[in-house]
Amino acid sequence: MIELYSNAKLPTEFGLFRIYTFVNDENKDHAVIVRGDPRGKENVPLRIHSECLTGDVLGSLRCDCRDQLIQSLRYLGRQEYGMLIYLRQEGRGIGLLNKIKAYSLQDMGADTVEANLKLGLPVDSRNYSFAAEVLRYFEIKSIYIMTNNPEKIKSLIESGINVKGRIPIFSDPTPYDKFYLETKKTKLGHEIENI
């Protein structure tokens with residue numbers, strides 16, 4: 001169950017949005033960035049973005065998170081309506097402390113999957129049930145999801161969300177994230193077309 005906590009206008013370089021904050025049963029706060037009025041609409045463009053302090057905020061080149069976030073906000077800013085659900089699930093759900101431990105193992109040659117497993121952690125422990133609850137809160141009838149991750153789509157469908165299609169996100173690989181993106185494609189099944 002989720003509870004709306006607050007909302008306010010959010011002017012950005014990508015356009016005017018509204019930010020909503022919700023609290024879930026685990027007392028975790030999540031943000032929903034809304035463009036226009038998607039309530040009760042069909043074919044709503046949606047991005048579900050998991051928190052990434054190193055990429056989103058610090059501009060790390062180890063991942064493509066910031067690219068995906070910026071591309072999504074830019075895309076949504078050109079739409080009549082749409083949503084970005086920002087989930088507090090740092091490091092595919094393992095948290096910031098463990099994510100930095102995993103980075104250390106990656107510095108020694110492990111890929112992102114191997115690093116999590118060496119730490120005794122799940123490869124991906126994210127949960128998208130909160131996102132499904134948000135979509136129900138806004139009475140969204142159907143979505144087009146901006147993602148390369150088929151597990152997100154599967155999870156939403158299993159939660160009863162009508163997913164009409166996928167909007168791919170393209171990132172130009174850098175020397176720092178090429179191995180990471182290749183691993184996401186080969187080991188996690190991400191649909192990354194330019195790797």
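A Cβ is built for glycine as well, from the same backbone N, Cα and C atoms used for every other residue.
Copied over from Swiss-Prot, here are the features:
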ACT_SITE  Asp124  active site, proton acceptor
ACT_SITE  Arg126  active site, nucleophile
BINDING   Arg47, Ile48, His49, Ser50, Glu51, Gln68, Glu90, Gly91, Arg92, Thr112, Thr147, Lys152  GTP binding site
BINDING   Cys52, Cys63, Cys65  Zn(2+) binding site
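Shown here: features listed in Swiss-Prot, placed on the structure.
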| residue | record | Cβ contacts under 8 Å, 6 or more apart |
| --- | --- | --- |
| Arg47 | GTP binding site | Gln68, Leu69, Ser72, Tyr75, Leu76, Met83, Leu84, Ile85, Ile145, Met146, Thr147 |
| His49 | GTP binding site | Asp56, Cys65, Gln68, Leu69, Ser72, Leu84, Ile85, Tyr86, Leu87 |
| Glu51 | GTP binding site | Tyr86, Leu87, Arg88, Gln89, Glu90 |
| Cys52 | Zn(2+) binding site | Ser60, Cys63, Cys65, Arg66, Leu69, Glu90, Gly91 |
| Arg92 | GTP binding site | Ser50, Asn116, Val123, Asp124, Ser125, Arg126 |
Sparsest-packed among the binding-site residues, when each Cβ's other Cβ atoms within 10 Å are tallied, from Cys63, Cys65: Cys65
Cα-Cα distance maximum in Å, computed over every pair in Arg47, Ile48, His49, Ser50, Glu51, Gln68, Glu90, Gly91, Arg92, Thr112, Thr147, Lys152 that the record assigns to GTP: 22
Additional residues surrounding Zn(2+), by Cβ distance to the Cys52, Cys63, Cys65 centre under 8 Å: Thr54, Gly55, Asp56, Ser60, Arg62, Asp64, Arg66, Gln68
DSSP-derived structure type at Cys65 (Zn(2+) binding site), helix or strand or else coil: helix
Protein Cβ atoms within 10 Å of Thr147 (GTP binding site), excluding its own: 22
Packing count at Glu90 (GTP binding site) (other Cβ atoms within 10 Å of its Cβ): 19
Around the Cβ of Asp124 (active site, proton acceptor), the count of other Cβ atoms that are within 10 Å: 18
DSSP three-state assignment for Cys52 (Zn(2+) binding site): coil
